[in-house]
Every structure is written in C-alpha cells, then in structure tokens.
Amino acid sequence: MGNGVQEGSVRLREDAEAVLAGAVSSKRDHRQVLSSLLSGALAGALAKTAVAPLDRTKIIFQVSSKRFSAKEAFRLLYFTYLNEGFLSLWRGNSATMVRVIPYAAIQFSAHEEYKRILGHYYGFRGEALPPWPRLLAGALAGTTAASLTYPLDLVRARMAVTPKEMYSNIFHVFIRISREEGLKTLYFGFTPTVLGVIPYAGLSFFTYESLKSLHREYSGRPQPYPFERMVFGACAGLIGQSASYPLDVVRRRMQTAGVTGHQHGSILSTLRSIVREEGAVRGLYKGLSMNWLKGPIAVGISFTTFDLMQILLRRLQS
C-alpha cells in the first residue's frame, strides 16, 4: 500500500511538472509571437518611411504611359517639392504605414512560425532549414501578410497617384471607392499581387537566411555585424524585387485603373495592354532602376531592424 501511495505521488508530481512545463512553453511561445510582431512592425515602418519619396515616384511612373528615366524621376521629385512642398514627397505615407505596420508584423511573425513548423516537419528543430523549406517559409509568410492587408495596399496606391484634393484621407478613399466603384474594387489586382509576392518574399527571405548561414559557417561568428546584415538584406531585396517586378507593374495598373483612365481588366489583358502600348521591357520593367535603389535600402533596413530588435527583446526578457 505504501508503494502504491508513493507511486501515485510520483505520478502526480510528474503530471504537475508536465503541466507546468507546458504552461511555461506556451507563455514562451506567446512572448516569441509578440516579439516578432513588434519587431516586424517597427522594421516595416522604418524601412518604408526611409524610401517613401522614391516609392511614390515609382508608382506614378508605373501607372502612366510616360517613359521612365532616372533624370525624369528626379525631375518629378523636384517639381513635386516645388509645387506641393517637402512633405508632399511623403503623400500617401500615412496609408503606407496603416498597411505596412500590420503587413510587416504579420509577415515577419508568420515567417518565424512557418520556419518552426517546417523545421519540425522536416526534422530540423533548432537548426537552419535546408534551401527548399527556407524558400517555402518566406513565400508562405508573404502570401499570408498580403492576403490579410491587401485593401490597404490599394488605398496607398490610390493616394500616391492622385492630387490631395481628390482624397482627403484614408477613410475618404475607402468611402469613395465603395460608393463609386463597388467594394470588389478593393481587391482588384489581388491575384498579380499574390503571384508577385510568392517569388519576392520567398527569394528575399531565402537569400537573407542563406547569406547569414554562409556567414556563420565561414566567419565562425554566431551573429553578423549590423552593417553585414544591411548588405545581406540589400542583396535579398535586389534579387526578390527583380524577380517579381513585372507583376508589380501589373498590380499597380489594376489598382489605379479607376483614377488613371485605364479600364479594369484581367492580368492577361493588362499585360497585353502594357506590352502593346509601351513594349515588353520598357513597360513591364518601368522604374526598375529606381527599385534597385530603394529596394535594397528598404529591405536592408527592414531585415536588420527586425534581427536587432529580436536580439534586444530576448535580452530584456532574459
């Protein structure tokens, strides 16, 4: 009888320890998710604000039939500054922040979760993922974020290409689109967005994670320096944006069709229209050189900020 009581108390203690361990693990998981959300939000906000004037200029060229050149782009920036003031260069940035903060928070947090899930599935717990799951984690993270925040991206594009008299604020854009064009307009361009996000996010995260892994292997240091992270992020942005750029042009044309005089159409009809009117290379890669300037800066800032914030928050928690 004494042995039975002793065995029962041992089992009870083991059960209590298991419950306690589960609670601690759950609390740690919640902290990790919140940490990723916060770090991602800050990373996205800093990166997009830094390149907002270049981003607005790129969108204006993407949705028009004007030929793009670096000279014309900087002339547009200069005349916008002269005619509308310095802060007008950031017009639409409030809408960008409303979209980018949740988008980046979701994307980075989802990426961490997908890495964990795929690591468990492929048997790489606590280790760097092999190439294919690494690419898949990035693509899934980008698709998740784009699906949840797409209407905000359309609103941002509308505000970037219209004069301030047309839309007074973000809510005004939503109201006018709903009344004049219908709610379904808020998802025009969604398909090319997702088709573009898959290679963009997949290749961006894949390149950045791969470069960090190679750095760790060859340098012997567990963590890169901040400037090295910036370089890795810049390379990731350059590769990701170059691969997905034509679909980005198609997406912008579809999003802004209601205010630029173009007809709403499918992906293929929009592609054909761009190629017919402007040519394949000039039309589908219009503004790419500006993206090669702003993309690496934005992605470098974004990835570096996220990593450094994660390190800081882990230290504070410990």
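Glycine is treated like the rest: Cβ placed from N, Cα and C.
Shown for the repeat 'Solcar 1' (31-117): DSSP residue counts in helix, strand and coil, namely 77 helix, 0 strand, 10 coil. Per Swiss-Prot, repeat 'Solcar 1' is recorded for 31-117.
What Swiss-Prot records for 33-53 (among others) is transmembrane segment.
A Cβ distance under 8 Å defines the sequence-distant neighbours of the transmembrane segment (89-109), meaning residues of its chain 6+ beyond its ends; these are 33, 36-41, 43-45, 47-49, 52-53, 55-56, 77, 80-81, 141-142, 144-146, 148-149, 152-153, 155-157, 159-160, 164, 169-170, 173, 201, 302, 306. Feature annotation from Swiss-Prot assigns transmembrane segment to 89-109 (among others); the stated evidence is sequence analysis.
Taken from Swiss-Prot, the feature repeat 'Solcar 2' applies to 129-214.
Marked as transmembrane segment by Swiss-Prot: 135-155 (among others). Long-range contacts of the transmembrane segment (135-155) within the same chain, counting only residues at least 6 positions beyond its ends with a Cβ under 8 Å from a Cβ of the stretch, are 95, 98-99, 102-104, 106-108, 110-111, 114-115, 118, 129, 170, 173-174, 177, 185-190, 193-194, 197-206, 209, 255.
If you look up Swiss-Prot, you'll see 186-206 (among others) marked as transmembrane segment, on the strength of sequence analysis. Cβ atoms under 8 Å from those of the transmembrane segment (186-206) belong to residues 107, 111, 131, 134-139, 141-143, 145-147, 150-151, 153-154, 174, 177-178, 236-237, 239-241, 243-244, 247-248, 250-255, 257, 264, 267, 270, 299 of the same chain, restricted to positions at least 6 beyond its ends.
The repeat 'Solcar 3' annotation in Swiss-Prot covers 224-312.
Here Swiss-Prot flags 230-250 (among others) as transmembrane segment, drawing on sequence analysis.
Per Swiss-Prot, the feature transmembrane segment maps to 293-313 (among others).
For the repeat 'Solcar 2' (129-214), the DSSP-based tally of helix, strand and coil residues reads 72 helix, 0 strand, 14 coil. For the transmembrane segment (293-313), same-chain residues at least 6 beyond its ends with a Cβ under 8 Å from one of its own Cβ atoms are 35-36, 38-40, 42-44, 46-48, 50-51, 54-55, 58, 104, 108, 204, 208, 223, 226, 229-238, 240-241. Assigned with DSSP, the residues of the repeat 'Solcar 3' (224-312) fall into helix, strand and coil as follows: 76 helix, 0 strand, 13 coil.
Sequence-remote contacts of a segment are chain residues at least 6 beyond its ends whose Cβ falls under 8 Å from one of its Cβ atoms, and for the transmembrane segment (33-53) they are 77, 89-90, 92-93, 96-97, 100-109, 112-113, 294, 297-299, 301-306, 309-310, 313-314, 317.
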